[in-house]
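The structure appears below as C-alpha cells.
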Amino acid sequence: MRKAYIAGNWKMNMTATEGREYAKALLAAVKEKGADVKMMVAPPFVTIPAVLEVLKDSPIIVAAQNMADHKSGAYTGEVSPLMLKDLGVNTVILGHSERRQYYGETNEIINGKILLALECGMDVVYCVGETLEEREAGKLEEVLASQIEVGLKGVDASAMAHITIAYEPVWAIGTGKTASAEDADSAHLFIRETVERLYSKDIAENLIIQYGGSVKAGNVKALMAKENIDGALVGGASLSVEQFLPILTFNK
Ligand code: PGA
C-alpha cells in the first residue's frame, strides 16, 4: 500500500515572518481536522529556519526546493546539502521545471544533485514532466524516459525508497490547466513501468508518484482516485492554509 504524500512547494514566496505564521496556522488546522497523509512543505532557503522552529517535532516535513551540486567550496550563491542537513532538513525537491527552464538545469546536472542528496542521507522529490511542445510533438514518453533514465543514473536499487517522483506537465504548472485525471494517470503508469524496467516490479510498485500542476481542493479527489497517482506537489494552492488544508485532508 502506497501512503498518500501531499507536498506544498512555496516557490519564491513567504518571508521568514510570513512562513512562521503560516506554519503555526497550518499545524493548528491539521491538528484540529486530522490528516491521514504524509505531509511536506518546501519554503525558500532563508524561510526554512523559521518554519522549522514551528514544525520540527510535527508530522509536517520541512523540505528544501533545491540544493547545490557540491558539498562546499567556491560556489557563490549556492546552498549545500550539508547546510540543509545541519538545520534538520532531510528532504529536497530536485529537477523542478522552473529550475530546468529558468536556470538551465539539465538531466545530467540534476542527476549529480540526486546522487549527492542520497549520499548525504536525504530523501528526494524528483520532478519530471514535458512541455506543451513536447506533448504536442508526441514526445511525452521519450521525454519522461530520458528524464528518469538520466536523472536516476547510478542510483542504487537500495536507495529507491528515498526517491519520490513528481510528474508535473510544464503546461499545467501555475496555468490553471490541470492534466485530466486520465492523462495524468497514464503518464504515471508510464513512469512506473519505466522504473520497473530499470529496477524491479517491487520497487516500481512501492514508488510514490505525485502529480503536480494546478492541483486544488476541487480536483484533488479525482486525481487521487486514480490508481497510479499517489500524491500531489502543490504550488499556488499551498500558499494559503484555507486552500491547502482541504488538499491535505482530501481523504477525510
Ligand atoms: P502549481 O505549481 O500548483 O501552482 O501549478 C505546481 C508546482 O510547480 O510544483
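For all residues, glycine too, the Cβ spot is worked out from N, Cα and C.
Among the candidates Gly34, Gly174, the residue that TrEMBL annotates alongside Asn9, Trp10, Lys11, Ser214, Gly235, Gly236 as binding substrate is Gly174.
Less than 6 Å separates the Cβ from ligand 1 in the case of Gly174, drawn from the binding-site residues Trp10, Lys11, Gly174 in sequence order. Taken residue by residue with DSSP, Asn9 (substrate binding site) is part of a strand. Sequence-ordered, the extra residues of this chain that approach the substrate site, with Cβ no more than 8 Å from the Cβ center of Asn9, Trp10, Lys11, Gly174, Ser214, Gly235, Gly236, are Ile173, Val234, Ala237, Ser238, Leu239.
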